[in-house]
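Enquirer: My structure is below; once you've seen it, I'll send some questions.
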Amino acid sequence: MNASTQNQILTHDDRPAAGGTGTSGAGTQAGRTPFWTAVGLVAGREMKVKMMSKAFVVTTAIMLGLLLLAVLVAPRLGEFFGGDDAGEKVAVTAETSQAVGALGDAYDPQTVDSVDAAKEAVRAGDVEAAVIPDEAGPAGIAVLGLDSAPTALVEALSVSPSVELLDPNAPNPGLQYLIAFGFGIVFFMIAITYGQQIAVSVIEEKQSRVVEILLAAIPAKAMMAGKVIGNSAMALFQVALIAGVLLLGMQVNDAVLPLDGLGAPILWFVLLFTIGFVMIASLYAAAASLVSRQEDIGSTSMPVMMLIMLPYFAVIFFNDNPEALRIMALIPFSAPVATPLRVFMDQGEIWEHLLSLGILIAATALAIWFAAKIYERSILRTGKALKWSEALRAKKD
């Protein structure tokens, strides 16, 4: 934390006296900044540092630009590489033009004067095939090809039975997988990225001993809460931008890519992500307080990372299993991805989704309480990395 912020947080009673002595981390509480004021100062600094970071601004702009480009371009790749939009040219006579015209855009009927003219058009390569009258045939028409039978045209002209769809609104399996993957990768990447940044910030302050000065002015819980709230706000800001780009792409691609019904899942994802990230950020802050060197953060944060990775892969692999999704929607670390996917697929009642939300809120509150206990007991400890169990047994600094 820079000097200006330190001066802003430290009160008169916390500053060193003329004799060189000052209030220590275990000193008087009278001169400390009020809890929520301290939380606001720390959170504001975390957000300001992030917003002023060129890397953050450039990375966010590039990410949103590529995402918008992908959303707009991907559904239109067929238009770019599909060549001429006109259907396959087929020579027809006045008697057969109606039959070919009824096949839709896949075929482009070219009317000729006679059967002989149709045959000549096929031989010359002007058309792919020809459909001519044939009174002897069962359908009253015949299909002409040059050196092979135009199977697709023959099948299209054949009489097909009527088809009744029992579930016309069933989600497309491919789209279902993409949505599960999209929600999962956003949650995974942002949670890991911001979680690691929180960890690095905690360790840097611990290594530089700045944390000892800060704890003379603000409670340890307020410092942790400020870091969690500030980084959570920035993570939510990025997720909101991503959601906005996706919703914009949905509006533009309305006639190209059928994404009806994705608005509600996105809103559910933003809500659940916000709560779930607070839980993860708290645990990352606690994990970082256990170590004094950045090289050691991998071992202490591994349990947190596994709690993120395992549900992430599970939701992607079991996105087509309703029972598995129902169970994962009740698990706090997988609920931010599983519940929006269930909403999209119209699985479960509204009370089930609210139950998932309630369980996530309760788990987040428990994680914050647990992380605060770890943080205030280990933030001033230096030297060998502490284990989670050792930090719980340690006395509060």
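For all residues, glycine too, the Cβ spot is worked out from N, Cα and C.
Unlike curated entries, TrEMBL annotations are predicted automatically.
Keep in mind it's a predicted model, so treat the numbers as computed, not measured.
What TrEMBL lists as compositional bias 'Polar residues' is 1-10. What TrEMBL lists as region 'Disordered' is 1-29. The transmembrane segment annotation in TrEMBL covers 55-74, 175-194, 228-250, 262-285, 297-318, 350-372. The feature domain 'ABC-2 type transporter transmembrane' is assigned by TrEMBL to 62-372.
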Enquirer: Considering only Cβ pairs within less than 8 angstroms, which of the stretches 55-74, 228-250, 297-318, 350-372 has the most against the transmembrane segment (262-285)?
Expert: 228-250
Enquirer: Could you pull out which residues elsewhere in the chain have a CB under 8 Å from any CB of the transmembrane segment (350-372), counting only those six or more residues past its ends?
Expert: 220-221, 224-225, 228, 268, 271-272, 275-276, 278-279, 282-283, 285-286, 326, 329-330, 332, 335-336, 338-339, 342-343
Enquirer: By Cβ distance under 8 Å, which residues at least 6 away from the ends of the transmembrane segment (55-74) in the same chain are close to it?
Expert: 80, 238, 241-242, 245-246, 248-250, 252-253
